[in-house]
Each structure stands twice: as C-alpha cells, then as structure tokens.
Amino acid sequence: MRVLLVGGGGREHAIGEALVRGGAELYVVSKHKNPGLARLARGYGLAKETDIKKVLEYAEKFGVELAFIGPEAPLEKGIVDALEENGIPAVGPSREAAKLETDKAFARTFMERNEIPGRKVFRVFTDVSKMRSWVDDFGRPVVVKPIGLTGGKGVKVVGYQLRDNEEAKSYAEELIRRDGRVLIEERTNGVEFTFQVFTDGKRVLPMPLAQDYPHAYENDEGPITGGMGSYSCSNGLLPFVTREDYEKALETLKATVEAMRKEGTPYKGILYGQFMLSKGGPVLIEYNARFGDPEAINVLPLLETSLLEVAEGIVDGNLQGAEFEKKATVVKYLAPKGYPTNPVRGVKVEVNEKAVEEVGARLYYASIDENFTLLGSRAIAVVGIADSLEEAERIAKSVIPHVKGELFYRRDVGTRKSVEKRIELMKEFGKEFEPNPC
C-alpha cells in the first residue's frame, strides 16, 4: 500500500521506518529532506507541512492510498479534513478533534464538561483585572499557559520559570495583551510521564509508558526544549508508576475518546497524554494529538504488529491489536551547540553508520538535511534497546563517539541515577509505593 508520511523530524523517521517494516510503500512530504527518510521513501516532496495545497498535490502525484500525519502544526490547519475530502484516509484527528492539543482552553473545558478523570482547577481569562484578582484569591502556586501551540515552550510554572504568583500575573497579562486570552491552572506537584495510545475513535490500544527529559542541560537545568531524550522500561510501566496509576491514566484517555465520540467529534490517530503523577494519582497536564518526539522513538522500534495494519485499523474504525517487544529503551538526542536559544546552523556533521550498527544501536535523523548539515534544532536521536535500562543506556551512549560535529547531548538521560532521582522525588511528594523494576 502506498502511504504518504507528512513530516521530516526524528519522530517521522521512526514512523517511516515502522511503516516500511510493516509492508508500506513510503512517500514523504516535509520541509527539508531527512536523510533517513530519503532512503526509505519511493518518492519525496519538499514543502512546508502546513501547506495543505502542496501536500495534496504530492499525494495525488504519488497516488497514495493512506496518509500518516507526524507533527501537530498541519493537524491544526485541517490537513486530515483536506486529505479525506480528496478521498485519502489519514491517521490523525480532524481539525476539530485536534483542538484537544491546539486549543488548551478547549481541552480543559471539554474535560470539565465530561467529568474526565485527572482534571485540574483552571480558568481562562480575557480580562487582566479579573485574572489578577482570581490569582490573588486562589492563593496557591499557578501555571500560566498560552492557549495555542507553543512547541512545548510557552508554559511557565511558579517555582520554576516564574518566581511567584506576582510574576505569574505579569506573564499572564503579557499573554492576554498578545493573544487575547490566557489559561491559568493550579500547579500540581509530582513527576511527569508520557502515555501514548492508538485509537480508531472507539477502541484504545496503549503503548509502553515513557519519560522524557525536557531541560537542555544535565540535572534538569537550563531552558525547556522539545525533549533531549527519554526512556521506557521492559514491563511497559515506569519505576514510579504503579499498576493502579497506569490504569487510572489509561481511563483518562479512554474516557476522552469516548466523550469525543459522544460529542460528535470522533478522535482517531495517536492520542498522547502528558501526565503529572501526584500524590493522589495521575493528573493530565496536556493532551497531544500525535506521537511525542522523542517518545515515538522509544516505542515504535518495539512495535511487533505491522504499523501499516494498525494505521489501516485506525482509519477503518477496526483497530485490532498492537503488540510491543518487552525491552527497555533509551533515546538520547544530539542537538547543535547553543540549542535551543542560539543554535549552530549550517555546519556539517559526520556519522559513522557502520560503527553505530556494530554497537547494536539505532539512529534517527531529525533537523539535519540530506548533506548532513545542521538546520538548528535537535539533529540526531540515538537509541539503545536491551533487556535492562542499564544496557539500553550503555548502547545509546556508545554511539556518541561515532557522530562528529558541533553537537551536545545530556549524558544523564536514562541513567539509573537520574531514574532513582525521580523515584526519590515522588517519595518526597508523599507517594507511598514499591518501585517497579526497569
């Protein structure tokens, strides 16, 4: 089957590889030519992923029968609706359903209206004085969020990016003046984790949990990035997530899909819940309407079921099953020096792919072009897969000497020490549990 993949990052390289492994004939449209995808694809179109007209032209030219949407920006523009109107079924939510990610105020009011478990106290404001008096009355630390897509970089939390609620009010005022409205939520203390599922609008199939490292530098310091790496465990859980917590988080995602269906906006594709595990259980921080990047790179190499079959099940409303190999994974992203604030661009990197293969690791290309020139964002994801976390981390780390260029990475991603730190943090927040093996 001819499948069009929209997007050209590390996440999309992992999707493309899984589609080809599952029997698809792959065609790609993205704004730059990803060297990994270029080898897998029968045809490659260069266009902005949000240029719906151009994407449709390529879809027609390649004669594709199915599309798979990688990033969130084209979903917001209604790419799935446009493809389906032109007779091409697509893996991804409609523009309206994608509002779970693209409109944070929509997502929170939807959860409230449908009594979805894992809700937070929130308010949406358009008026500066009302916002200021509510924050004063609330009296507890808050989180300030822009309403739309921010690439994970516009959210600010009191005690982290914001000193106190006074600073939160100033930032919220800035957003109201810029965007016309702002979302303010209670701050939840805990440890974050990623829960991704496949859904056809009715059935929900879970993937292994993952945890990412959003800060640029070691020990969770520095600016927030798209994610400097992530890990997953062989049992599909995480050391600090109990089976009960897992079931509660899954119930949040199932209830979401069911409520979307009942409201007449069926959600199909990948739904990704970013959860905060608090003392009282999992709380939904935000929805994402697509795979995580890097978290897609943890789970897709483990998928034993054909991704093409899963994709067909999603668009046909007949999702059957998704089996994953029981292995631990560690993904480390190599990013240009200076990322994310002032990244090096236009410089070439050298990759010894043969040596990478010999150490048993995998590589996924991201913000790098066909000439191996850095484009300014996270460039290459290296992945270790093994029975234990330690071995997976060792494999991922052993790739680093075989990639030469003006790059940096977080050495602590997926290390036992960093995972133990998260377990300790959870205990400090008053959660009583016996850590799962990883």
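Numbering starts at 1 and runs along the chain as displayed.
Note that Cβ sites are derived from N, Cα and C of the backbone, with glycine treated the same way.
Computed from a predicted structure; not experimentally measured.
In sequence order, VAL155, LYS156, VAL157, VAL158, ILE184, GLU185, GLU186, ARG187 make up the list of same-chain residues 6 or more apart from VAL143 (ATP binding site) whose Cβ falls under 8 Å from its Cβ. The ATP binding site annotation in Swiss-Prot covers 135-194.
As annotated by Swiss-Prot, Mn(2+) 1 binding site applies to GLN274, GLU286. In the three-state DSSP classification, GLU286 (Mn(2+) 1 binding site) falls within a strand.
Taken from Swiss-Prot, the feature Mg(2+) 1 binding site covers GLN274, GLU286, and the record attributes it to sequence analysis.
Taken from Swiss-Prot, the feature Mg(2+) 2 binding site applies to GLU286, ASN288.
Summarising the annotation, Swiss-Prot assigns Mn(2+) 2 binding site to GLU286, ASN288 and lists sequence analysis as the type of evidence.
Per Swiss-Prot, domain 'ATP-grasp' is recorded for 108-316, and the stated evidence type is sequence analysis.
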(request) Consider the binding-site residues GLN274, GLU286, ASN288 and say which one has the Cα lying nearest the Cα of VAL191 (ATP binding site). (result) GLN274
(message) Using a 10 Å cut-off between Cα atoms, which of these binding-site residues sit near GLN274 (Mn(2+) 1 binding site): VAL135, GLY159, GLU167, LEU175, ASN288?
(response) ASN288
(request) Identify which of the binding-site residues GLN274, ASN288 has its Cβ surrounded by the largest number of other Cβ atoms within 10 Å, counting every protein chain shown. (result) ASN288
(request) With GLU286 (Mn(2+) 1 binding site) as the reference Cα, tell me which of the binding-site residues VAL135, GLY159, GLU167, LEU175, LEU183 is the closest one. (result) LEU183
